[in-house]
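Swiss-Prot has this to say about the protein:
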- Cys181, His183, Cys199, His202: [2Fe-2S] cluster binding site (BINDING)
- Cys186-Cys201: disulfide bond (DISULFID)
- 141-235: domain 'Rieske' (DOMAIN)
- 94-114: transmembrane segment (TRANSMEM)
Amino acid sequence: MAQSRSLLLSIAVNALLVGVLLYSVAVNRTQEGSLQLSAVRGKIAAPRTSFQNAVSRVSRNQLPSSSRKAVAQAFLSNPDMVPDMGKRKLMNNLVLAAVAPVVASAGGCYLYYFYPPQTGGGGGAVGALDALGNPVSAESWFKSHKKNARDLVQGIKGDPTYLIVNDDGSTLNSYGLNAICTHLGCVVPWDAASNKFKCPCHGSQYAPDGHVVRGPAPRPLQLAHVEDDNGKILLSPWTETDFRTGEKPWWA
């Protein structure tokens with residue numbers, strides 16, 4: 001799940017970069033068109049003055065009728081005097097049309113990454129999922145996990161979260177522990193032999209309740225509420241006081 005979310009974020013960033021590039025092309029073409037139009041207008045000015053002088057002479061009957069007609073046709077048929085702005089506008093519209101879906105898809109990936117689809121009830125609760133994305137039932141969990149067992153499910157926002165089986169072997173602890181190390185984000189495995197969570201990346205260690213017993217981790221593991229709702233395991237955000245520190249949760 002974490003890898004797929006990282007991939008989605010990478011796609012979103014790349015798509016946004018493509019969108020910015022295409023938009024820059026459209027803007028540059030528009031500015032280029034404005035500069036070319038100004039240049040064309042400058043070119044038009046001199047012929048137009050010549051034409052006006054010619055018309056003035058024509059009006060004074062200084063040219064024969066055949067010459068008057070030739071002057072008018074020469075001016076009106078000169079293609080350099082009329083810039084083809086229709087094609088330029090069409091190209092700009094096509095570029096902008098290409099940018100729109102790219103930006104929209106990038107925004108969709110961004111929203112999916114930071115607000116992934118969740119299962120579960122109201123109040124911010126989500127259903128625990130196994131590694132394949134299937135809902136985890138309390139019955140199946142207790143069949144495969146003994147008392148004091150700590151094992152991972154996909155929890156809030158897809159984060160790996162430890163469920164803790166109580167001493168009776170048939171109920172879950174009222175809180176779960178987010179398995180992401182508070183140092184640099186590695187997933188911290190549970191070491192039953194030492195009764196600690198031990199980070200394999202930089203050596204941080206956590207007690208069974210998730211508080212730090214050895215750095216460099218600066219903060220305890222994040223808590224989540226755990227509830228058995230008629231056999232369905234639900235997790236919800238922990239926003240009240242952190243019972244391990246007596247303070248407001250650092251993640252809230």
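Counting starts with 1 at the first residue shown.
Using N, Cα and C of the backbone, Cβ positions are placed for all residues, glycine too.
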PLDDT averaged over every residue in the domain 'Rieske' (141-235): 95
Rounded inter-Cα distance in Å - His202 ([2Fe-2S] cluster binding site), Cys186 (disulfide bond): 9
DSSP helix/strand/coil residue counts for the domain 'Rieske' (141-235): 7 helix, 39 strand, 49 coil
Same chain, 6+ residues apart, C-beta under 8 Å of the C-beta of Cys199 ([2Fe-2S] cluster binding site), given in sequence order: Cys181, His183, Cys186, Val188, Gln205, Ala217
Cys181, His183, Cys199, His202 excluded, remaining Cβ within 8 Å of their centroid ([2Fe-2S] cluster): Thr182, Leu184, Gly185, Cys186, Val188, Cys201, Gly203, Ser204, Pro216, Ala217
Fewest-neighbour residue among binding-site residues, criterion Cβ within 10 Å, set His183, His202: His202
Spatial neighbours of Cys201 (disulfide bond) that are distant in sequence (at least 6 apart) but have CB under 8 A: Cys181, His183, Leu184, Cys186
